[in-house]
Ligand code: SF4
């Protein structure tokens with residue numbers, strides 16, 4: 001079944017590159033008397049941009065946990081009937097884009113494990129670990145096996161938590177296991193009655209706490225709180241574990257905070273209506289555009305965004321330059337979200353599937369085109385060509401982030417270093433490669449200033465190559481690390497083996 005839903009890029013001249021993709025969105029609710037599955041559904045809907053490969057919700061009612069998950073968008077995985085069957089007062093939700101492990105049903109989340117005492121544990125993870133190989137070996141020493149062939153760092157974390165919880169309870173187990181995990185992780189997890197949330201000591205990915213009239217919510221972004229009617233309370237602090245049950249909310253520290261929030265969340269990943277560390281993402285993007293106009297001015301007739309992620313920065317560029325803002329490209333908002341495999345003929349339409357030019361607006365104009373970032377350069381090349389064909393006299397490209405030169409190991413899937421256009425070419429080389437009349441990237445200092453965060457509290461590794469969380473050797477990191485092990489490709493003294501499918505805890509759509 002999974003195979004029918006996977007898509008893969010087939011290159012063509014105009015083929016837009018896949019956008020940088022975030023690993024996941026997480027959402028959790030503790031709210032007796034509320035329809036927690038439906039709240040989680042809407043929360044995941046608000047976080048759909050963070051992961052579109054799979055979605056899942058677990059619900060606990062004090063006695064048992066039921067998990068429902070499948071490949072596809074939130075709206076494809078759940079319907080009224082399924083949501084109505086998920087009854088309880090604790091829910092954990094997840095939408096997935098894979099950065100460790102393939103796109104399979106087994107790798108969809110929430111993950112599920114039982115402890116030796118028979119208690120359940122369901123977990124959703126946003127981020128990417130850098131000591132997965134070490135954790136895998138520890139799990140193997142404990143005799144813990146991969147569940148149903150799952151090949152994710154998230155499954156190993158769940159296994160270690162479940163193994164440790166058997167004799168000391170989940171809260172104490174989390175306080176002991178979490179300090180041994182390195183990398184980026186925002187976790188939302190539950191047993192039969194308690195909701196937990198934890199954030200890595202660097203706080204790479206966002207995680208926030210919200211209040212409902214009769215309960216609590218945790219979510220990857222503040223926008224998801226707004227959408228379910230929860231009020232923002234505060235961020236889950238880096239290195240903090242939160243537990244919520246009938247005794248109220250408990251907060252514990254499992255590590256000293258060393259904040260290194262992801263700068264790219266402000267550029268592209270987070271919703272514009274989200275706030276991170278008290279700073280509005282939309283306002284940040286507008287300010288980046290203003291600064292871009294100061295750093296890279298050019299005479300032109302119209303500032304146009306690449307919709308929709310380039311729109312706030314284009315508004316800022318127009319404000320900063322005094323050149324009018326206009327719409328020249330119309331986005332087909334739903335085409336990138338289909339799981340229907342396009343035919344070769346359709347694929348060759350490339351960027352035209354996604355963006356359509358407004359020829360009346362474009363013809364005879366000198367355009368400034370504002371985009372959020374450049375990864376491989378394919379999208380911008382196709383765009384410049386499309387705008388020239390639509391009659392643009394000049395096309396000046398302005399980018400609301402510095403050149404992406406390094407891969408991310410903390411939860412974003414850009415491309416390999418060799419594929420990044422900024423890695424092999426200088427500025428003029430990139431300009432010629434995409435066919436623009438001029439090209440300008442905002443500086444790192446301007447981007448950081450726009451975010452209003454202290455430089456020391458940010459990760460900017462994809463721009464600078466300075467990774468704030470130490471990385472292991474190349475052989476011990478990578479999306480398919482655990483799959484290589486299971487196939488016997490990478491060495492391991494005690495390889496994990498699929499334990500076989502056990503359906504007692506998880507429902508699967510037939
Ligand atoms: S490397 Fe880039 S995308 Fe990854 S966490 Fe750091 S700033 Fe974010």
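Glycine is treated like the rest: Cβ placed from N, Cα and C.
TrEMBL: automatically predicted annotations, no manual curation.
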Discussion item. Looking at Mg(2+) binding as recorded in TrEMBL, which candidate out of 309, 321, 433, 438 goes with 371, 372?
Written reply: 309
Discussion item. Can you tell me which of the recorded positions 24, 309, 371 is spatially closest to residue 408 ([4Fe-4S] cluster binding site)? Compare CA atoms only.
Written reply: 24
Item to complete: Quick one: average pLDDT across the domain 'Glutamine amidotransferase type-2' (24-247), no decimals.
Response: 94
Item to complete: Under 8 Å Cβ to Cβ from residue 372 (Mg(2+) binding site), same chain, six or more residues apart: give me those in sequence order, or none if nothing qualifies.
Response: 267, 268, 285, 306, 309, 310, 313, 399, 400, 401
Discussion item. So if I measure Cβ to Cβ from residue 371 (Mg(2+) binding site) and keep only same-chain residues at least 6 apart in sequence, which ones fall under 8 Å?
Written reply: 305, 306, 309, 310, 379, 380, 383, 397, 398, 399, 400
Worksheet item: Once near-sequence residues are set aside, which residues in the chain of residue 462 ([4Fe-4S] cluster binding site), 6 or more away, have Cβ atoms under 8 Å from its Cβ?
Response: 264, 404, 405, 406, 407, 408, 412, 414
Discussion item. Restricting to the chain of residue 459 ([4Fe-4S] cluster binding site) and a gap of 6 or more, list residues whose Cβ falls under 8 Å of its Cβ, or answer none.
Written reply: 202, 204, 260, 261, 262, 263, 410, 467, 468
Fill in: Residue with minimal Cβ packing [other Cβ atoms within 10 Å] among the recorded positions 24, 262, 408
408
Fill in: Other CB atoms within 10 A, centred on residue 309 (Mg(2+) binding site)
22
